[in-house]
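Trainee: I'd like to ask some things about the structure below.
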């Protein structure tokens, strides 16, 4: 028994401190490579960001072709790196690679594939737009969508095949390649956000006068080419359709950057022994949450359609559209707050430990939730201050106060629920029930399974050919073939132990019924919040933005300052809803 114990008097060959010191020393080069690659990526991003800003403010000597040339160069470099990585992976196919089971979930890959397909449609629209205006557009505007389409196809394939990889070879080179890809996608996301925001701002300026704010100077910032189109109908379809597809392109690039960032964090990481098991999504047991969520989703789509039709038509129709939007949003946010509070109360009643193991994907999810929520909180606090400080208050602006307060509270509660859910350990099924098998040995020494555990408990187990069912743990109970008295006693003792064990299992099921009810409630709440977040993503993504249209904040803070705040904070608010929906989908699978 003492063979496996270490002799405390036996001197160790290597002292603990020396081993740790050697381990720390060996980690220095990789730590330096991580710092160098991150600084490279940040400088790459800042240069592109400054170029984007210069184009946006019409800086002298900087045109859109310069920005597109920079982005094309970055995409081509990433394409070369991905091709090199894929070729190297093909030559080393037989090697067993470490995988991070927490990263690159299948539903996440399906989501990014859907956004990528719509992004390819956007690229085709841009190609058609360039063909129609080819006489007055620079060649970079035709090269950019073609390069972007190739970049999208190869990147989606790369993420499908290698998002879970834990790179252990060429680590320094791979760090620079992956971080280059991360910031390339961030710059493409920034370019998409800026283009879509400029379009929304132009539409806002055109309809702002209908609300009675004639003292605001309206100067359209239109980057449309100053020449005639070859086919007017196609040009109109391309120019209008492009801006309806930009929200999906924006989500595609931000999702790709987050998946690549997790891949970068996993480079050189040591795999932990316990890995997460696959948790497939099931519709069973979430009917109530799905029904209420679909009601919210359909009503939101209807509200957005009416809003976009009515806003800007006249002052009365614009005020009615804003009132309708605020009332609907207040009702939905109140329901989401209630659902989140109920879920947190259920967690308080449970006694389950948290999983604090190292997990880059989970850590990034939590940081993104809190970080991107700050965008909505900034807009909400700006609206609250504007309502308090404004001298005149149109009737519809008063609905903005409870709406802004509920946005702050709802995201606070939802973040608590999601972060606690993804950190909770999955409840383990009782091993005795999970591996329960009823085995019998017949007189002919044949092994058979009884049809149902419930039938055994009710005493209805089949006893064909004189068989007696026997419950076992680690060994098989055999029946005596001689039919003697000792055998009869043994059979009676086996049957009694079976009934006693069955009764204990029945009490286990009855005691776990409350746990199953709680789990069902949590799954319905997660499904409801998932659909609600998708619903709240739709209005700002497709141009339904009351922060632009109510006009109150623009009077208090000034037109230009408030527009800058909205353009900076709105992309994070839009991304928060999509990221929350993705996190809640994972919570539903895990619960």
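Each Cβ is built from the backbone N, Cα and C atoms, and glycine gets one as well.
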Trainee: Tell me which of 243-264, 397-418, 419-440, 441-462 corresponds to the transmembrane segment entry in TrEMBL.
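Mentor: Range annotated as transmembrane segment by TrEMBL: 243-264.
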Trainee: Transmembrane segment per TrEMBL sits at which of 67-86, 87-106?
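Mentor: Checking TrEMBL against the ranges 67-86, 87-106, the transmembrane segment one is 67-86.
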Trainee: When you get a sec, could you say which of 210-234, 285-309 is annotated transmembrane segment by TrEMBL?
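Mentor: The range carrying the transmembrane segment annotation in TrEMBL is 285-309.
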Trainee: Are the transmembrane segment (525-543) and the transmembrane segment (285-309) close enough that 3 or more Cβ pairs fall under 8 Å, when only pairs 6 or more apart in sequence count?
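Mentor: Between the transmembrane segment (285-309) and the transmembrane segment (525-543), contact is present.
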Trainee: Return yes if the transmembrane segment (243-264) and the transmembrane segment (143-160) have at least 3 CB pairs under 8 Å (sequence gap of 6 or more), otherwise no.
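Mentor: Yes, the transmembrane segment (243-264) contacts the transmembrane segment (143-160).
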Trainee: Counting only residues 6 or more past its boundaries, what in the same chain has a CB within less than 8 Å of a CB in the transmembrane segment (67-86)?
Mentor: 44, 47-48, 51-52, 55, 138, 140-141, 143-144, 147-148, 150-151, 154-155, 158, 161-162, 174, 177, 180-181, 184, 187-188, 191
Trainee: Same chain only, please: residues at least 6 beyond the ends of the transmembrane segment (143-160) with a C-beta under 8 Å from a C-beta of the stretch. Say none if there are none.
Mentor: 68, 71-72, 75-76, 78-79, 82-83, 85-86, 104, 109, 112-113, 116, 119-120, 123-124, 126-127, 130, 181, 188, 252, 256, 259-260
